[in-house]
Amino acid sequence: MRLRPNVDAAPGRSPRQAIPFLLPALVLLAALVLYPLVFSLIRSFFDASGDEFVGLRNYVDTFTDPRTLTAFRNNVIWVVVAPAAVTGIGLILAVLTERIRWATAFRLVLFMPMAISLFASGIIFRLVYDEAPNQGVVNAVVVGVHDMFSPASQYPGARPRDGYAATEAGFASIRPAQAGDTISLPLIGYSPQDVPPQALPASPPAAGTGELRGVLWLDVSLGGRAGAVDPTERGLPGIAVEAVRDGQVVARTTTGDDGRFTFPDLGAGGVTVRLPAENFTLPFRGLTWLGASLITPVIISSWIWIMTGFAITFIAAGLSAIPRDALEAARVDGATEWQVFKRVTIPLLSPVLLVVFVTLVINVLKIFELVFVIAPGSVQSEANVLALQMWQVSFGTGGDQGAGSALAVILFLLVAPAMLFNIRRFRRERS
Amino acid sequence: MTLVAEEVRIDVPVSGAPRRSVLTRLVARLGNGVVQVVLALVAVFWLVPVFGLLIASLRDESANTANGWWTVFTKPAELTLANYAELVANQAVWQSFLNTFYIAVPATVLVVVLASLASYALAWIEFPGRETLTVVVVGLLVMPIQVALIPVAKLFGALGLFGTITGVVLFHVAFGLPFAIFLLRNFFTGIPRDLIEAARMDGATEWVIFKRVILPVAKPAIASLTIFQFLWVWNDLLVALVFADQDSAPITVALRAQLRQFGTNIDMLSTGAFLSMVVPLAVFLVFQKYFVQGVLAGSTK
């Protein structure tokens, strides 16, 4: 620092007086922000132990490591999708809130996620997207809608005891049957407690000429004999049964309350008895939101939930700064509301939108906690992002601070354009 | 940057034949109804996840395993505070809750004090390099903390600060300073020059001007900064994950340990998460005006 003699008569003009004001902050910034930046840069050229100079090897390794490449890919997805989505949603909602009287309350609600930790938000969305439809609200809704259009089967998971082959169409008898036979068809794999209340005790029908008859019952009872109808065992009502000949369904019937079924007019020749698969399909359980394929979109959606309030508030402040005259002039000229929005509002708002967008991009590049918390351990590598990978490599399972430093430097370089953007904006605002 | 909360209504100008204007007004009114409904739905959409977490935290394990939180509408009797009692009785969690205060309060106070001092010098004392220093501070606004994790861990290790609350606090202060200085400097430069010059003419020292002239005027900006910084530190996970040990861990780190231990045990997790949210939500609701202003000003962080 160049010290000048105190040329000004006015007190407080001495540069020396700045020192006590600045020193504490500058010491901390130098020791814990600036020095580390230089240290990380140098450290990134050394190996894991820090003893051996390895040149650019950490960077080469970083760009060839599949885990890091996944993180890169995800960061690209994040940067392309998330900030634009939030800016767009924020713009639409900010414009709409100008039309309502409770705009302040609305913005308050949407801003609230900004106040809570990303960690807590992560837990919130782990619950929202929980796989079990009786836990996660999203899957509960998905299953509800699905079952409205395609109801769940009555006997999920039940299957014949033996003598039937599982095919795509259902369970088909291995041996053919024909008119005059009686079929005894024991089912297992279903809980007696779930049997519909109208079910009656099962009893095998008597053989009838010209008819194929049978009984279908739940062969599960305490101390009962396998494959035989015991007194406490009940028939299973409402199960579809098909008779198939040469690959064609020739007859179809449904079991009664006592489990009996009858094919009256089968004609001559053997048929295969088949229980269609739709009797037994397992209930639809919704989507595996927290699985490998959907995890990144899911985490992005939680980030949108967090950041939209910020975008709305920022854009709303920009909207209210637009001179009413400009809007009125356009309307007087006969422009529709949409034209006013597109031709006047958007161009006047674009500097604000740019700031919001850049801010969101910076935020996205530093995403760490959300991925860390929402992605279950097994899919974390699939949802990985650079900031998380840096922590994993340096402090988590990796323990390689050379590679970790390289990742930190890469992260710094990715943020550097935003740094310049801020400095330029700052300089422009001052002049 | 100030948040303008007042409502701006868009009035469709009444022009042309009266018949058309009636129609236009009808459409506008109808459209307004649709907007109201859509925005109400969006607001509900935003509240449901938090509401779900709250209800899940108020139901015991068996209720949570049996069915979803939304069944509370048919079975409100299932609500209980048992999870909270259990969590607070858990020594590690309770200690971490206190630790969060021990970290967030000093980190906030220090940032406010150090940043006010530095901002005053940057705004009102002329010294060589002032311009450069200000630009450096602006540049540091977006510095990723990942850059400092490894070097500072080494430094703290050498100084015996690793794993201590002091270490965590110092790191938060250092990374809170650029934004704090940026915000306060902007505010301080907006204070009328006459005010400061008059005080100087009266022979006031810089310290007196800072204390008697600047600070009283800057209360709103300092309030915004305080709220913002407090929530920022309170909500941190990464810094504490690296620099705190088991005894100095704040609630986010302690809950993260529970997350690994409990897995998907949602009753305890949701309770812990909600416990960690109580303070930020209260601060937000009471001081929302200052917080919103702080976030808007600190958007670059």
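All residue numbers here begin at 1 and follow the chain in the order shown.
Just so it is clear, glycine is given a Cβ too, placed from its N, Cα and C backbone atoms.
As annotated by TrEMBL, transmembrane segment applies to B:34-56 (among others). Long-range contacts of the transmembrane segment (B:34-56) within its own chain (CB-CB distance under 8 A, at least 6 residues past either end) are made by residues 64, 69-70, 72, 79, 266-267, 270, 273-274.
Feature annotation from TrEMBL assigns domain 'ABC transmembrane type-1' to B:97-287.
Per TrEMBL, the feature transmembrane segment maps to B:101-125 (among others). Outside the transmembrane segment (B:101-125), and at least 6 residues removed from its termini, the chain residues within Cβ reach (under 8 Å) are 133-134, 137, 165, 168-169, 172-173, 176-177, 180-181, 183-185, 187-189, 191, 196, 206, 209-210, 214-215, 218, 222, 225-226, 229-230, 233-234, 240, 244, 248, 250.
Here TrEMBL flags B:132-153 (among others) as transmembrane segment.
Among residues of the same chain six or more beyond the transmembrane segment (B:159-184), those with a C-beta under 8 A of the stretch's C-beta atoms are 99, 102-103, 106-107, 110-112, 114-116, 118-119, 122, 137-138, 140-141, 143, 145, 148, 152-153, 218, 221-222, 224-225, 228-229, 232-233, 236, 239-240, 243-245, 247-248, 250, 294, 297-298, 300-301. Residues or ranges marked as transmembrane segment by TrEMBL: B:159-184 (among others).
The transmembrane segment annotation in TrEMBL covers B:221-244 (among others).
For B:264-287 (among others), the entry in TrEMBL reads transmembrane segment.
Here the transmembrane segment (B:132-153) has long-range neighbours at 122, 162, 171, 174-175, 177-179, 181-182, 185, 238-239, 242-243, 300-301, meaning same-chain residues at least 6 beyond its ends whose C-beta is under 8 angstroms from one of its own.
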